[in-house]
Structures are given as structure tokens and as C-alpha cells.
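K.L.:
This is the structure I want to talk about, given as C-alpha cells.
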Amino acid sequence: MASRYRVEYALKQHRKDDFIEWIKGLLSVPFVLQAGTPSQKLVTREKEQETLERYAVILRDVEKLIEAHIQIVSEGGSYSQLKMLVPSITIFWTPLPLVKAMYALEPKLCLAKRSFVAPSFNDVRAILGGAQLNYLADNGLDMVSFDGDVTLYEDGQPLLPDNPVISRLIQLLSRGIYVIILTAAGYPSRTGQEYTDRFSGLLQAIEDSDLKDGQKRKLHVLGGESNYLFAYDPLHGLQWVDADSWMLPVMKTWPHDEILEILDTAEETLRSCIQGLNIDAKIVRKERSVGFVPSLGQKLRREQLEEAVLETQATLQIRNFSVPFTAFNGGNDIWCDIGDKKLGVLCLQHFFNISHPSRCLHVGDQFLSAGNNDYKARAAATTVWVSSPHETIEFLDYYFSFLKK
């Protein structure tokens, strides 16, 4: 049976990451040259080191290409050698110590002991994430934003008290780092009750913790991509933050008529998709978002979801709206939000007076370019791409382990 990642990442052009695929291709050469026979699973230490060093040679070259790209972009240039090799490359906020990350992750990845499975998409993704966390551990981190579903908790579930990620979030707060749940879920109520219910396990744990009040106040929730901000108060829980104090000036000038036109156009497109693709779902319209959710007990097919989100994106892009929007696949529903996570991260940096994107991290599970709402955060902060809440915990533990060295 084909794995989920083979279906998602290998067969669908719009679901590929060119940079990861390029590195994977580079690493396939030493794999072929160094692959052993089936009887060599327990290879010698000398053989392992030789194999890893071949991978390291390539990753060192990639490190140098990234550093050169950063330098050229900082000087106002646009075309580096890396850009020519991977045309879709945009910006790196920091160098990436890929070799160090590979060696640190080798006990988990077992790259040197594999004879039949070459370094994969997931292996490269893990090395990139590990390298980013390694750099941040050495150079400082002021803010971490997390997607919600499939990053902190399973899709559609609340953040319950027994979720092991909670202790890691509290550890970040204890170090004076801003922790933000940056979620697409948009609830415009000023009471914040929906977010309080959704994140009750975390909020209760913070209340019961020995964190200082100043550390507790560093927890925030930004909902609807970049629309509703709530700050944690030690006495009153999540409290509404007025938009005038944290939204970027340009966001305050967005024409209300254009926002309505975007939502109307998206709603019309989604209704057409429901009818044309025989989707058993209903439209949900909110103040700054519109989407469809399946009827009770229904599970929508991936192809239906992808077709709907891509058609919605294309329809809106043709109209050339000035107001940013995000159309994305939520796993079993489709949504179109006003704003995006790039703006969300930029708003937070402005609100917290953080000097540079290199001191901010966004962790999420949706970084492919089409129909995925974490992708745009790359333009505002460093990022780590996870595939599950368990991986989020692993990466955070990896970060903490490097802080101790």
C-alpha cells in the first residue's frame, strides 16, 4: 500500500516542496554509492561514519549556498546560485547548521544503517527543522507561534489537560518566550469563551503553575489567521485585545466593501463546488471568514477538498483583490479567511516590539504552497514543519536539549 506521504508529496505537483525535493535528490547519490547488502544491518562504526560523512559533505555545501543566498538578498540582490538551482526559493532568516542537525538526529533517522530506503522527504524535513532549532537555541528566541490542529492537538480536538505538549509550552513561557496559538479558528466574540473552551487544558495548567505573572502574560491566542487577539491575564484568563493596539496600520485601511466582496465570491465558489462535486456539506459564514463543513458523520474525500480549495484560490486571485486572504484545506473542511498568518506573525512582532524575524519561530503542519495556511508565515519568521502533535513535542525537546549544551 502506498504511504500517505507518497500520495501527497510524490504524485501531486502542487503538493511538493521544491527545496526539500532538491536536497533529497542530492542525498540519493551517496546513498546509492554507499548502500550495503541486506546482511549488513549491523554495520561497523567505521562504515557508519563514512556514510554520514558523505551526506555531511553535501549538506555542508547546501549550508554554504544558504549563507551566500542570505548575503546576496541582504545586499538587495535577487539571484543567488541557490535561487538558480531552486527557482522557488525566497528568503532564509538565518543560516542553517544542517550537518550538526543530521548528526544529532541520526539516532532517530538511522540514515547510515539503511540499505533500501534512501533519505526521504521526511528525513530532510526533520534535518531542516532540527537545524533551525539548533540555530535558535544558540542565538536566541523571543516568540514561538503554533498552529493548532495537527500541531498542538489532533485535528478538531481541544487542548486537553493530559496533552504532553502543555508542559513544553509552560517551559517556553518560563524562559520568557512569548507563546502564541496562531489558529485559523475564528471566533469574533470578545468574551473569548470559545478559545477558553478549546484551550482549557493549557489555561488551567498555566493557572496552576509556579510561573510568575509576567511569564503567564506572554501567552496569547491569535484567531482567524490575523483577526482576533486575546492575551492571558493571571486573574481573568483570556482577555480581548483591541485591534487598534496590535493590528498593522495597513490592515486598518482595508475597505470593508472589498472584504465583503471577497467573502461573497468565496461563498459563491464554495456553493458551486458543493453542488458540482457532490459534497455533503453546509456553508458557514462568519464575520471575516466563510467555509463549508461536512454534514454530521460525513468524511470528505481528499480530492474533493483539494479541488474546492484550489478553485476558490484561483477564483479569488483572478479578481486581483488588494486585501489579503487565505483559502485552505482544514483536513475535513474548507475555509477562506481575511488576512493570513504572515500578517499574523508581523502583527505580533510589531505588538511585542521584536527586532527581527530571526528571533521568531512559527511551528505548523501546513507548509505546502497550495491550500495550506502556514506557508505564508515563512515570509515573516523562521519555521519548523511538523506532521503531528507528537513531532511538535519531539522538536521542542530537541530545542531544549540544545539549550543545555
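For all residues, glycine too, the Cβ spot is worked out from N, Cα and C.
Feature list, courtesy of Swiss-Prot:
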- D147: active site, nucleophile (ACT_SITE)
- D149: active site, proton donor (ACT_SITE)
- K108: ATP binding site (BINDING)
- D147, D149, D155, T183, D333, K341: IMP binding site (BINDING)
- D147, D149, D365: Mg(2+) binding site (BINDING)
K.L.:
Measuring C-alpha to C-alpha, could you say which of the recorded positions K108, D147, D149 are within 10 Å of D155 (IMP binding site)?
P.N.:
D149
K.L.:
Quick one: of K108, D147, D149, D365, which recorded positions lie within 10 angstroms of T183 (IMP binding site), measuring between C-alpha atoms? Sequence order, please.
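P.N.:
Among K108, D147, D149, D365, the ones whose Cα sits within 10 Å of that of T183 (IMP binding site) are D147, D149.
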K.L.:
With an 8 Å cut-off on Cβ distance to the D147, D149, D365 Cβ center, who else from the chain surrounds the Mg(2+) site?
P.N.:
G148, V150, T151, L152, D155, G364, Q366, D374, V386
K.L.:
For the residue listed as 'active site, proton donor', which of the binding-site residues D333, K341, D365 has the nearest Cα in space?
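P.N.:
Closest by Cα distance to the residue listed as 'active site, proton donor' among the binding-site residues D333, K341, D365: D365.
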K.L.:
Cβ neighbours within 10 Å, counted over all protein chains: which one of the binding-site residues K108, K341 has the most?
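P.N.:
Checking each of K108, K341, the winner is K341.
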K.L.:
Of K108, D147, D365, which is closest to K341 (IMP binding site) if I measure between C-alpha atoms? They're all recorded positions.
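P.N.:
For K341 (IMP binding site), the spatially nearest of the recorded positions is D147.
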K.L.:
For K341 (IMP binding site), name the DSSP secondary structure in the helix/strand/coil scheme.
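P.N.:
SS state of K341 (IMP binding site) = helix.
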K.L.:
Check the Cα-Cα distances from D365 (Mg(2+) binding site) to the recorded positions K108, D147, D333 and tell me which is shortest.
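P.N.:
Checking each of K108, D147, D333 against D365 (Mg(2+) binding site), the shortest Cα distance is to D147.
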K.L.:
Taking only the Cα atoms, work out how far the residue listed as 'active site, nucleophile' lies from D333 (IMP binding site), in Å, as a whole number.
P.N.:
16
K.L.:
In sequence order, which residues at least six apart in the same chain have a CB under 8 Å from the CB of D333 (IMP binding site)?
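P.N.:
The answer is A281, G291, F292, V293, P294, L300, L305.
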